[in-house]
Amino acid sequence: MANLDTQFQEFYGELQITVTKKQALITSHNNLRTKIQKYFAKNHPEYVPSFYIQGSYKMGTTIRTRDDECDLDDGCYFIPKPEVKGITLQNWVMDAVNGTVGATPVHKNKCIRVNYAAGYHIDLPVYRKERCNDNTEHPELAVRDGEYELSDPREIVQWFNSKKKDNPVLIRLVSYLKSWCDTVRGFMPPGLAMTILASKYQKKHEGRDDIALRDTLKSIRTALQANFSCVVPGTPYDDLFESYDSNRQEKFMSELNGFIEDADRAVNEKNKLKASKLWKKHLGNRFHLAPDENDAEMSKLDKLRDIGNKVLTGIATTAHNGYIHAAEGVKNVSHRNYGNE
């Protein structure tokens, strides 16, 4: 089995946001917070916004896409509840961020998205809540095409934090799966779905991220074959796959099967270059090709198997120094140790 753990560790590094972009992202999100606070202080002083970073950035699973883009979710909370419609609250936040230098705000259904020319975007979902320190009360998310709906992103973060505790490989597995979805795109599930599936069905293999990923993919497939669903572990506990029609479901499962087939071939391939090409096919161009060489451990195993076969067939010889399967030496006695009958 070609051990490509080194290539996987390098690949994980390639998926990380650069220091420069991370600094720009944080600076931009701080500037947006300031703009929103100033807007409400001037135009709606009865409402004071507070903020909470959520989503993949909070969980530590953000990746750079193949287009070198990334994002950050910054929840905008109003406590106590403003007695206005959800779209009104969204419109006010939209007004607050309009005119941001180097950026274009977009009013989406469940957030205000600020797209930056520098290659990242910041989502501003808007919430309201009656009491600040009441953990039994779930926030209400403003929806453009509706009113409000219960949504508690903190529960998702807390759930994932419990899964990743003393389990750093989980973050890497989530990143690999998100890169797979980013490579294929189209009908593939969102990053949150892959985060949930990896967390629920993770398989571990110490020191071998390639095997851990292969086995986790198989575990996910088994679960989805039994029940094609992905329930969010937080209020409102919705199923991310509920809207998938049979065509999209079949396409995703076909892609999953193809990935597993190639992952099996890669793990069992002794040539590192050939194995890395199989992984690269699904994980994208940032997965580095390995040297064109056979795995040392697999070569040793092949030699041992060869010696074993010659011992079993009675054609092995032993050299004067004790090495079996020498070019010259004393012919071995036929093997008769077949265990207890």
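Each Cβ is built from the backbone N, Cα and C atoms, and glycine gets one as well.
When LEU192, LEU283, LEU289 are compared with the ATP 1 site residues SER56, ASP238 in Swiss-Prot, the one appearing in that site is LEU192. DSSP gives LEU192 (ATP 1 binding site) a helix state. According to DSSP, SER56 (ATP 1 binding site) is assigned to a helical segment. Annotation note: ASP123 (active site) sits in a strand segment as assigned by DSSP. Put simply, of the recorded positions SER56, ASP71, ASP73, ASN109, LEU192, the one whose Cα is nearest the Cα of ASP123 (active site) is ASP73. The C-beta environment of SER56 (ATP 1 binding site), restricted to residues of the same chain at least 6 apart in sequence and closer than 8 Å, consists of THR62, ILE63, ASP71, ASP73, GLY191, LEU192, THR195.
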